[in-house]
Amino acid sequence: MEAADYEVLSVREQLFHERVRECIISTLLFATLYILCHIFLTRFKKPAEFTTVDDEDATVNKIALELCTFTLAVALGAVLLLPFSIISNEVLLSLPRNYYIQWLNGSLIHGLWNLVFLFSNLSLIFLMPFAYFFTESEGFAGSRKGVLGRVYETVVMLMLLTLLVLGMVWVASAIVDNNKASRESLYDFWEYYLPYLYSCISFLGVLLLLVCTPLGLARMFSVTGKLLVKPRLLEDLEEQLYCSAFEEAALTRRICNPTSCWLPLDMELLHRQVLALQTQRVLLEKRRKASAWQRNLGYPLAMLCLLVLTGLSVLIVAIHILELLIDEAAMPRGMQGASLGQVSFSKLGSFGAVIQVVLIFYLMVSSVVGFYSSSLFRSLRPRWQDTAMTQIIGNCVCLLVLSSALPVFSRTLGLTRFDLLGDFGRFNWLGNFYIVFLYNAAFAGLTTLCLVKTFTAAVRAELIRAFGLDRLPLPVSGFPRASRKTQHQ
């Protein structure tokens with residue numbers, strides 16, 4: 001063999017080893033996410049559904065739980081995708097020739113983006129519908145009972161659903177883009193149909209983030225206030241403990257003497273209320289024992305951090321709106337090759353990259369808080385050791401829709417300059433200036449409106465309590481109108 005043949009073989013062998021190394025790294029990363037998600041879901045599942053007398057139902061629920069674990073791992077991977085790419089770029093910029101980070105390259109990052117896109121399609125279009133139909137199926141009439149009969153019914157239902165969705169997407173494409181080439185492209189299932197369908201799902205996810213994130217940003221202050229210990233000036237723990245003990249004693253007396261009340265009592269509901277009050281009293285005792293540093297320094301610092309992060313997010317979006325009017329390069333676009341380690345995607349260097357990562361995580365947490373705080377999705381909120389299997393499936397689907405839209409959401413708002421990789425940058429609506437501009441303006445306006453309404457309502461309520469107007473029988477906004485019986489008393 002000639003020297004050129006040896007060189008070609010050496011290049012091929014090197015490429016083979018790089019591909020194997022990338023597969024091993026991707027597998028290890030996904031296995032870690034899968035284990036974490038499995039531990040998380042087992043804390044919320046209802047144990048009665050997995051220890052039933054009917055082994056068939058328990059087996060079906062276990063299979064559905066594994067599919068939900070896979071979907072939740074993909075959702076967590078989608079959340080970490082953009083921050084991991086930004087941090088990797090800064091690491092390669094800081095240590096370009098370090099031997100121990102040679103495994104971190106553009107090919108690995110690009111492969112992770114493609115895997116997340118593929119698994120998101122697989123989970124949303126096949127796995128989650130299969131898990132739902134599988135838990136609800138009972139097998140065809142006249143067929144042999146068992147798990148296999150349920151599988152047959154689920155596969156048939158999934159095929160019918162796939163045909164229905166395929167027809168709807170094909171008709172929608174023909175209506176939106178009345179072009180013969182675009183309609184014929186949908187016949188190619190893997191190359192055009194799935195990315196087009198995922199583009200529609202991602203657009204719905206981005207719209208959902210537009211609604212949930214401003215609501216979550218406003219709710220983060222109240223949620224943080226419930227988790228942390230407030231200064232004594234803002235809350236009276238002694239009064240709360242006294243009220244909790246009084247309510248618990250009243251409920252206990254009602255349980256012990258059910259004949260003292262002429263109305264029929266729901267004993268199970270009363271027992272649950274007593275347990276909730278006992279749990280609340282334990283938490284109040286822990287908060288009362290908090291140190292002065294935790295009480296007087298932790299709460300103000302947390303509120304200050306939330307205020308800075310929220311204000312910084314709105315400021316970045318406002319600057320991005322101006323850039324959209326001036327510079328065409330501010331529009332989100334896709335990038336086929338991941339050229340990492342060449343230039344920083346932030347004007348502030350590594351410090352700016354860290355701020356971008358923190359803001360992305362903060363907005364994702366805020367969107368989840370806003371999602372579960374909305375009246376439309378409040379019923380989906382998981383409960384500790386008391387979440388039904390169908391409710392777990394619904395939560396996994398919603399979280400995957402939110403998290404898979406996070407990279408597009410962050411790039412559209414200008415939180416980062418890191419361009420979208422792989423099929424994430426192929427969405428047609430990303431190139432529409434009016435959609436991107438209106439989306440940024442709507443986010444800035446909704447966030448400002450929610451924050452102003454939240455802060456003004458809180459200040460108004462505190463002023464009303466400070467002047468004692470809440471105890472007057474007046475129709476004050478934010479407080480219930482006193483009944484006539486109370487007024488006469």
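Each Cβ is built from the backbone N, Cα and C atoms, and glycine gets one as well.
Look at TrEMBL and you will find 24-42 (among others) tagged as transmembrane segment.
According to TrEMBL, the transmembrane segment annotation covers 63-87 (among others).
Residues annotated as transmembrane segment in TrEMBL: 107-134 (among others).
TrEMBL lists 155-176 (among others) with the feature transmembrane segment.
Here TrEMBL flags 196-218 (among others) as transmembrane segment. Long-range Cβ contacts of the transmembrane segment (196-218) within its own chain (Cβ-Cβ under 8 Å, at least 6 residues beyond either end) map to 117, 120-121, 124-125, 165, 169, 172-173, 186, 310, 313, 363, 365-371, 373-374, 401-402, 404-406, 408-409, 412, 423-424, 426-429, 439, 442-443, 446-447, 449-451, 453-454.
What TrEMBL lists as transmembrane segment is 297-322 (among others).
Taken from TrEMBL, the feature transmembrane segment applies to 353-372 (among others).
Residues annotated as transmembrane segment in TrEMBL: 392-409 (among others).
Sequence annotations record features per position, and here TrEMBL assigns transmembrane segment to 429-452 (among others).
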Beyond the flanks of the transmembrane segment (353-372) by 6 or more, those residues with Cβ under 8 Å of it: 79, 82-83, 86-87, 89-90, 208-209, 211-220, 223, 309, 312-313, 316, 344-346, 378, 380-381, 398-399, 402-403, 406, 409-410, 415-416
Which of 24-42, 63-87, 107-134, 297-322, 429-452 contacts the transmembrane segment (392-409) most, counting Cβ pairs under 8 Å: 63-87
Stretch among 24-42, 297-322, 429-452 sharing the most Cβ pairs under 8 Å with the transmembrane segment (107-134): 24-42
Same-chain residues at least 6 beyond the ends of the transmembrane segment (297-322) whose Cβ lies under 8 Å from its Cβ atoms: 217, 220-221, 224-225, 228-231, 234, 330, 355, 358-359, 362-363, 413-415, 437, 440-441, 443-444, 447-448, 451
